[in-house]
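Since the structure comes first, as C-alpha coordinates, the remarks are kept for the end.
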Amino acid sequence: MAALKMAALLLLFTALLLLKSSFVHSQGLQVGFYDSYCPDAEDIVRSTVEQYYDKDATIAPGLLRLHFHDCFVQGCDGSVLISGASSERSAPQNFGLRGFEVIDYAKSQLEAVCPGVVSCADILALAARDAVDLTGGPSWSVPLGRRDGSVSLASGANALPSPADPVSVQRQKFADQGLSDHDLVTLVGAHTIGQTDCQFFSYRLYNFTATGNPDPTISQASLAQLRALCPPNGDPSRRVALDRDTPGAFDVSFFKNVRDGNAVLESDQRLWSDAATQGAVQKYAGNVRGLLGLRFAYEFPKAMVRMGSVAVKTGAQGEIRRRCSRIN
(Lines of atoms letter the chains of each structure in order from A and count residues from 1; the text may use other names and numbers.)
(Lines give C-alpha, C1' and ligand atoms only; values in the text may rest on other atoms or scores of the structure.)
Protein backbone atom coordinates (compact mmCIF):
# COMPACT_ATOMS: atom_id res chain seq x y z
CA MET A 1 0.00 0.00 0.00
CA ALA A 2 2.80 2.42 0.90
CA ALA A 3 4.53 1.62 -2.38
CA LEU A 4 1.33 2.34 -4.32
CA LYS A 5 0.86 5.66 -2.56
CA MET A 6 4.46 6.61 -3.31
CA ALA A 7 3.99 5.67 -6.97
CA ALA A 8 0.81 7.75 -7.15
CA LEU A 9 2.59 10.73 -5.65
CA LEU A 10 5.44 10.36 -8.13
CA LEU A 11 2.97 10.23 -11.01
CA LEU A 12 1.23 13.36 -9.74
CA PHE A 13 4.55 15.15 -9.33
CA THR A 14 5.57 14.15 -12.87
CA ALA A 15 2.24 15.37 -14.24
CA LEU A 16 2.66 18.70 -12.54
CA LEU A 17 6.16 19.05 -13.96
CA LEU A 18 4.89 18.26 -17.45
CA LEU A 19 2.07 20.76 -17.06
CA LYS A 20 4.51 23.43 -15.91
CA SER A 21 6.84 22.61 -18.79
CA SER A 22 3.97 22.81 -21.26
CA PHE A 23 2.90 26.19 -19.92
CA VAL A 24 6.42 27.59 -20.06
CA HIS A 25 7.07 26.34 -23.57
CA SER A 26 3.69 27.64 -24.74
CA GLN A 27 4.95 31.09 -23.88
CA GLY A 28 8.16 30.51 -25.82
CA LEU A 29 10.20 30.63 -22.60
CA GLN A 30 12.22 27.91 -20.94
CA VAL A 31 13.87 27.36 -17.58
CA GLY A 32 17.62 26.99 -18.14
CA PHE A 33 17.45 28.72 -21.53
CA TYR A 34 21.06 29.96 -21.27
CA ASP A 35 22.58 26.76 -19.91
CA SER A 36 24.31 26.01 -23.23
CA TYR A 37 24.84 29.54 -24.53
CA CYS A 38 25.90 31.39 -21.38
CA PRO A 39 25.99 28.99 -18.43
CA ASP A 40 27.05 31.62 -15.90
CA ALA A 41 24.30 34.10 -16.83
CA GLU A 42 22.11 33.63 -13.77
CA ASP A 43 25.11 33.65 -11.41
CA ILE A 44 26.38 36.90 -12.93
CA VAL A 45 23.03 38.60 -12.45
CA ARG A 46 22.74 37.27 -8.90
CA SER A 47 26.25 38.47 -8.00
CA THR A 48 25.46 41.94 -9.37
CA VAL A 49 22.20 42.23 -7.45
CA GLU A 50 23.96 41.11 -4.25
CA GLN A 51 26.67 43.74 -4.69
CA TYR A 52 24.14 46.55 -4.95
CA TYR A 53 21.87 45.12 -2.26
CA ASP A 54 24.76 44.95 0.22
CA LYS A 55 25.33 48.68 -0.30
CA ASP A 56 21.65 49.68 -0.23
CA ALA A 57 18.91 47.18 0.64
CA THR A 58 16.21 49.50 -0.77
CA ILE A 59 17.40 48.60 -4.26
CA ALA A 60 15.47 45.32 -3.90
CA PRO A 61 11.96 46.81 -4.19
CA GLY A 62 13.30 49.08 -6.92
CA LEU A 63 14.30 46.12 -9.08
CA LEU A 64 11.01 44.34 -8.44
CA ARG A 65 9.04 47.44 -9.41
CA LEU A 66 11.19 47.92 -12.53
CA HIS A 67 10.26 44.45 -13.79
CA PHE A 68 6.57 45.05 -13.00
CA HIS A 69 6.54 48.36 -14.88
CA ASP A 70 8.29 46.74 -17.83
CA CYS A 71 5.77 43.90 -18.15
CA PHE A 72 2.67 46.08 -17.95
CA VAL A 73 3.65 48.15 -20.99
CA GLN A 74 3.97 46.16 -24.24
CA GLY A 75 4.92 43.04 -22.34
CA CYS A 76 8.17 41.99 -20.66
CA ASP A 77 10.57 43.24 -23.32
CA GLY A 78 12.94 45.58 -21.48
CA SER A 79 11.35 48.65 -23.09
CA VAL A 80 11.23 50.49 -19.76
CA LEU A 81 15.04 50.53 -19.77
CA ILE A 82 15.33 52.58 -22.98
CA SER A 83 16.23 56.20 -22.33
CA GLY A 84 14.89 59.08 -24.41
CA ALA A 85 12.71 62.17 -24.25
CA SER A 86 9.50 60.29 -25.09
CA SER A 87 10.36 56.79 -23.85
CA GLU A 88 8.46 54.84 -21.17
CA ARG A 89 11.19 55.77 -18.76
CA SER A 90 10.28 59.46 -19.11
CA ALA A 91 6.56 58.99 -18.32
CA PRO A 92 5.27 60.54 -15.07
CA GLN A 93 4.13 57.09 -13.93
CA ASN A 94 7.77 55.98 -14.03
CA PHE A 95 9.28 58.88 -12.11
CA GLY A 96 11.18 57.42 -9.20
CA LEU A 97 11.95 54.08 -10.86
CA ARG A 98 15.24 52.71 -9.56
CA GLY A 99 17.69 49.98 -10.43
CA PHE A 100 18.72 50.96 -13.96
CA GLU A 101 22.38 50.99 -12.96
CA VAL A 102 22.09 47.45 -11.60
CA ILE A 103 20.72 46.14 -14.89
CA ASP A 104 23.31 48.10 -16.89
CA TYR A 105 26.18 46.70 -14.84
CA ALA A 106 24.90 43.14 -15.08
CA LYS A 107 24.54 43.61 -18.84
CA SER A 108 28.12 44.86 -19.17
CA GLN A 109 29.37 41.84 -17.25
CA LEU A 110 27.37 39.47 -19.45
CA GLU A 111 28.48 41.14 -22.67
CA ALA A 112 32.09 40.60 -21.61
CA VAL A 113 31.65 36.81 -21.46
CA CYS A 114 28.63 36.14 -23.71
CA PRO A 115 28.27 39.01 -26.19
CA GLY A 116 24.86 39.34 -27.82
CA VAL A 117 23.31 36.42 -25.95
CA VAL A 118 21.41 37.52 -22.80
CA SER A 119 18.55 39.97 -23.22
CA CYS A 120 17.93 42.95 -20.98
CA ALA A 121 14.36 41.71 -20.45
CA ASP A 122 15.69 38.44 -19.01
CA ILE A 123 18.17 40.29 -16.80
CA LEU A 124 15.23 42.25 -15.37
CA ALA A 125 13.26 39.06 -14.66
CA LEU A 126 16.24 37.44 -12.94
CA ALA A 127 17.08 40.55 -10.92
CA ALA A 128 13.49 40.77 -9.64
CA ARG A 129 13.62 37.14 -8.50
CA ASP A 130 16.96 37.67 -6.77
CA ALA A 131 15.71 40.84 -5.06
CA VAL A 132 12.80 38.93 -3.51
CA ASP A 133 15.08 36.12 -2.38
CA LEU A 134 17.57 38.51 -0.76
CA THR A 135 14.82 40.12 1.33
CA GLY A 136 13.75 36.79 2.80
CA GLY A 137 11.12 35.93 0.24
CA PRO A 138 10.84 32.85 -1.96
CA SER A 139 13.04 31.98 -4.91
CA TRP A 140 11.91 30.28 -8.10
CA SER A 141 13.10 29.05 -11.47
CA VAL A 142 12.69 31.87 -13.99
CA PRO A 143 11.61 30.85 -17.51
CA LEU A 144 13.95 32.66 -19.90
CA GLY A 145 14.32 33.40 -23.58
CA ARG A 146 12.74 36.86 -23.78
CA ARG A 147 14.04 39.19 -26.45
CA ASP A 148 14.23 42.95 -26.20
CA GLY A 149 11.70 45.28 -27.78
CA SER A 150 12.59 48.25 -29.95
CA VAL A 151 9.59 50.45 -29.15
CA SER A 152 9.33 52.51 -25.96
CA LEU A 153 6.67 55.24 -25.71
CA ALA A 154 5.76 57.31 -22.67
CA SER A 155 2.08 57.08 -23.62
CA GLY A 156 2.18 53.34 -23.01
CA ALA A 157 2.64 53.94 -19.28
CA ASN A 158 -1.09 54.67 -19.01
CA ALA A 159 -1.50 50.90 -18.69
CA LEU A 160 0.20 50.98 -15.29
CA PRO A 161 -1.90 50.85 -12.10
CA SER A 162 -2.09 54.11 -10.14
CA PRO A 163 -1.94 54.61 -6.35
CA ALA A 164 -5.46 56.07 -6.46
CA ASP A 165 -7.07 53.43 -8.69
CA PRO A 166 -10.28 51.82 -7.36
CA VAL A 167 -10.39 48.03 -7.49
CA SER A 168 -12.47 48.08 -10.67
CA VAL A 169 -9.71 49.93 -12.53
CA GLN A 170 -6.95 47.81 -11.02
CA ARG A 171 -8.88 44.68 -12.03
CA GLN A 172 -9.22 45.87 -15.63
CA LYS A 173 -5.56 46.81 -15.92
CA PHE A 174 -4.51 43.39 -14.65
CA ALA A 175 -7.08 41.65 -16.86
CA ASP A 176 -5.64 43.51 -19.86
CA GLN A 177 -2.42 41.61 -19.15
CA GLY A 178 -4.22 38.29 -18.79
CA LEU A 179 -3.93 38.36 -15.00
CA SER A 180 -6.67 37.49 -12.51
CA ASP A 181 -7.95 39.04 -9.27
CA HIS A 182 -5.85 36.49 -7.42
CA ASP A 183 -2.76 37.57 -9.37
CA LEU A 184 -3.61 41.20 -8.58
CA VAL A 185 -3.65 40.68 -4.83
CA THR A 186 -0.65 38.35 -4.87
CA LEU A 187 1.53 40.67 -6.93
CA VAL A 188 0.52 43.77 -4.95
CA GLY A 189 1.89 41.82 -1.99
CA ALA A 190 5.30 42.87 -3.28
CA HIS A 191 4.56 46.15 -1.49
CA THR A 192 5.69 44.34 1.65
CA ILE A 193 9.19 45.61 0.78
CA GLY A 194 8.10 48.73 -1.09
CA GLN A 195 8.30 52.45 -0.43
CA THR A 196 6.45 55.46 -1.76
CA ASP A 197 6.56 59.26 -1.57
CA CYS A 198 4.33 61.35 0.69
CA GLN A 199 2.92 63.06 -2.41
CA PHE A 200 1.23 59.83 -3.52
CA PHE A 201 -0.94 59.37 -0.44
CA SER A 202 -0.93 62.58 1.67
CA TYR A 203 -4.33 63.55 0.19
CA ARG A 204 -5.75 60.68 2.24
CA LEU A 205 -4.52 62.25 5.48
CA TYR A 206 -6.04 65.71 5.39
CA ASN A 207 -8.58 66.43 2.67
CA PHE A 208 -9.82 63.19 1.23
CA THR A 209 -12.29 63.73 -1.64
CA ALA A 210 -12.36 67.45 -0.75
CA THR A 211 -14.18 66.80 2.52
CA GLY A 212 -11.57 68.39 4.77
CA ASN A 213 -11.35 65.05 6.59
CA PRO A 214 -9.02 62.06 6.29
CA ASP A 215 -9.89 58.87 4.43
CA PRO A 216 -12.23 57.07 6.86
CA THR A 217 -10.69 53.69 6.01
CA ILE A 218 -7.35 54.65 7.62
CA SER A 219 -6.96 53.39 11.18
CA GLN A 220 -6.40 56.06 13.82
CA ALA A 221 -2.99 54.64 14.68
CA SER A 222 -1.82 54.78 11.07
CA LEU A 223 -3.31 58.23 10.56
CA ALA A 224 -1.25 59.66 13.41
CA GLN A 225 1.90 57.89 12.24
CA LEU A 226 1.55 58.97 8.62
CA ARG A 227 0.69 62.55 9.53
CA ALA A 228 3.88 62.71 11.59
CA LEU A 229 5.87 61.50 8.59
CA CYS A 230 4.06 63.68 6.05
CA PRO A 231 2.92 66.98 7.63
CA PRO A 232 0.91 69.43 5.49
CA ASN A 233 3.95 71.51 4.55
CA GLY A 234 6.45 68.69 4.63
CA ASP A 235 8.70 67.28 1.93
CA PRO A 236 6.44 65.64 -0.69
CA SER A 237 9.29 63.39 -1.82
CA ARG A 238 9.94 61.89 1.60
CA ARG A 239 10.06 58.10 1.35
CA VAL A 240 7.68 56.05 3.47
CA ALA A 241 7.59 52.27 3.85
CA LEU A 242 4.46 50.56 2.50
CA ASP A 243 4.66 47.94 5.26
CA ARG A 244 4.66 49.64 8.65
CA ASP A 245 5.47 46.49 10.62
CA THR A 246 8.36 44.77 8.83
CA PRO A 247 9.69 47.11 6.12
CA GLY A 248 12.42 45.47 4.10
CA ALA A 249 11.29 41.92 4.90
CA PHE A 250 9.34 39.94 2.33
CA ASP A 251 6.49 38.52 4.42
CA VAL A 252 2.71 38.62 4.92
CA SER A 253 2.49 41.58 7.28
CA PHE A 254 1.49 43.83 4.36
CA PHE A 255 -1.77 41.89 4.07
CA LYS A 256 -2.41 42.27 7.79
CA ASN A 257 -1.98 46.02 7.32
CA VAL A 258 -4.58 46.04 4.54
CA ARG A 259 -7.00 44.03 6.69
CA ASP A 260 -6.53 46.34 9.69
CA GLY A 261 -6.81 49.66 7.83
CA ASN A 262 -3.07 50.33 7.90
CA ALA A 263 -2.31 50.36 4.17
CA VAL A 264 -0.50 53.47 2.98
CA LEU A 265 -1.77 53.68 -0.61
CA GLU A 266 -5.45 54.10 -1.36
CA SER A 267 -5.28 51.43 -4.07
CA ASP A 268 -3.93 48.92 -1.55
CA GLN A 269 -6.54 49.69 1.10
CA ARG A 270 -9.35 49.40 -1.45
CA LEU A 271 -8.51 45.71 -1.85
CA TRP A 272 -10.29 45.16 1.45
CA SER A 273 -13.52 46.78 0.26
CA ASP A 274 -14.07 44.47 -2.72
CA ALA A 275 -15.49 41.02 -2.02
CA ALA A 276 -13.25 39.15 -4.46
CA THR A 277 -9.99 40.81 -3.52
CA GLN A 278 -10.85 40.85 0.20
CA GLY A 279 -11.03 37.08 0.17
CA ALA A 280 -7.51 36.83 -1.24
CA VAL A 281 -6.18 39.38 1.25
CA GLN A 282 -7.78 37.48 4.13
CA LYS A 283 -6.31 34.22 2.87
CA TYR A 284 -2.81 35.66 3.12
CA ALA A 285 -3.34 37.77 6.27
CA GLY A 286 -5.15 35.17 8.39
CA ASN A 287 -4.04 34.45 11.93
CA VAL A 288 -1.34 31.79 11.67
CA ARG A 289 1.77 33.63 10.55
CA GLY A 290 3.86 30.60 9.64
CA LEU A 291 1.25 28.81 7.53
CA LEU A 292 0.13 31.98 5.82
CA GLY A 293 3.70 32.99 5.10
CA LEU A 294 4.24 29.65 3.38
CA ARG A 295 1.05 30.07 1.34
CA PHE A 296 2.12 33.50 0.07
CA ALA A 297 5.62 32.19 -0.57
CA TYR A 298 4.06 29.46 -2.72
CA GLU A 299 1.65 31.68 -4.65
CA PHE A 300 3.92 34.68 -5.30
CA PRO A 301 6.42 32.86 -7.55
CA LYS A 302 3.59 31.43 -9.65
CA ALA A 303 2.10 34.90 -10.12
CA MET A 304 5.53 36.29 -11.03
CA VAL A 305 6.02 33.61 -13.69
CA ARG A 306 2.60 34.45 -15.15
CA MET A 307 3.34 38.18 -15.17
CA GLY A 308 6.83 37.55 -16.55
CA SER A 309 5.28 35.72 -19.51
CA VAL A 310 3.03 38.61 -20.60
CA ALA A 311 3.40 39.43 -24.32
CA VAL A 312 7.01 38.24 -24.43
CA LYS A 313 9.04 38.45 -27.62
CA THR A 314 10.85 35.23 -28.47
CA GLY A 315 12.58 33.48 -31.36
CA ALA A 316 13.14 35.89 -34.22
CA GLN A 317 11.12 38.68 -32.60
CA GLY A 318 12.84 41.70 -31.13
CA GLU A 319 16.59 41.81 -30.58
CA ILE A 320 19.31 41.31 -27.97
CA ARG A 321 20.39 44.83 -27.06
CA ARG A 322 24.08 45.47 -26.60
CA ARG A 323 23.22 48.25 -24.16
CA CYS A 324 19.97 48.15 -22.26
CA SER A 325 19.34 51.89 -22.45
CA ARG A 326 19.16 52.03 -26.24
CA ILE A 327 18.14 49.91 -29.20
CA ASN A 328 20.90 48.48 -31.41
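Note that Cβ sites are derived from N, Cα and C of the backbone, with glycine treated the same way.
Please treat TrEMBL annotations as automatic predictions, because they have not gone through curation.
The active site, proton acceptor annotation in TrEMBL covers H69.
Among the features that TrEMBL reports, Ca(2+) 1 binding site is placed at D70, V73, G75, D77, S79, E88. Taking Cβ-Cβ distances under 8 Å and a sequence separation of 6 or more, the neighbours of D70 (Ca(2+) 1 binding site) in its chain are C76, D77, G78, S79, V80, L81, A121, L124.
Annotation source TrEMBL lists substrate binding site at P161. Around the Cβ of P161 (substrate binding site), 21 further Cβ atoms fall within 10 Å across all displayed protein chains.
According to TrEMBL, the heme b binding site annotation covers H191.
Of all the Cβ atoms in the protein chains shown, 28 others lie within 10 Å of the Cβ of T192 (Ca(2+) 2 binding site). TrEMBL lists T192, D243, T246, D251 with the feature Ca(2+) 2 binding site.
The annotation disulfide bond is assigned in TrEMBL to C38-C114 (among others). Take the CB of C114 (disulfide bond) and look out to 10 A: across all protein chains shown you find 17 other CB atoms.
Residues annotated as disulfide bond in TrEMBL: C71-C76 (among others). Neighbours of C76 (disulfide bond), defined as other CB atoms within 10 A of its CB across all chains, total 28.
Marked as disulfide bond by TrEMBL: C120-C324 (among others). Within the same chain, the residues at least 6 positions away from C120 (disulfide bond) whose Cβ sits under 8 Å from its Cβ are G78, L81, I103, K107, D148, R321, C324, listed in sequence order.
Annotation comment: TrEMBL describes C198-C230 (among others) as disulfide bond. Around C230 (disulfide bond), the same-chain residues at least 6 positions away in sequence with a Cβ under 8 Å from its Cβ are C198, F201, S202, L205, R238, V240.
Here TrEMBL flags 28-328 as domain 'Plant heme peroxidase family profile'. Per-residue pLDDT, averaged along the domain 'Plant heme peroxidase family profile' (28-328), amounts to 95 for this model.
The signal peptide feature in TrEMBL is assigned to 1-26.
Just so you know, the Cβ of R65 (site 'Transition state stabilizer') picks up 22 other Cβ atoms within 10 Å once every protein chain is counted. Per TrEMBL, the feature site 'Transition state stabilizer' maps to R65.
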Around the Cβ of C71 (disulfide bond), the count of other Cβ atoms that are within 10 Å: 30
In the chain carrying H191 (heme b binding site), residues 6 or more apart in sequence that have Cβ under 8 angstroms from it: L242, D243, F254, L265, D268
Cβ-centroid neighbours of Ca(2+) 1 site D70, V73, G75, D77, S79, E88, 8 Å, sequence order: H69, C71, F72, Q74, C76, G78, V80, G149, S152, G156
Residue among the recorded positions C38, V73, C198, C324 whose Cβ has the most other Cβ atoms within 10 Å: V73
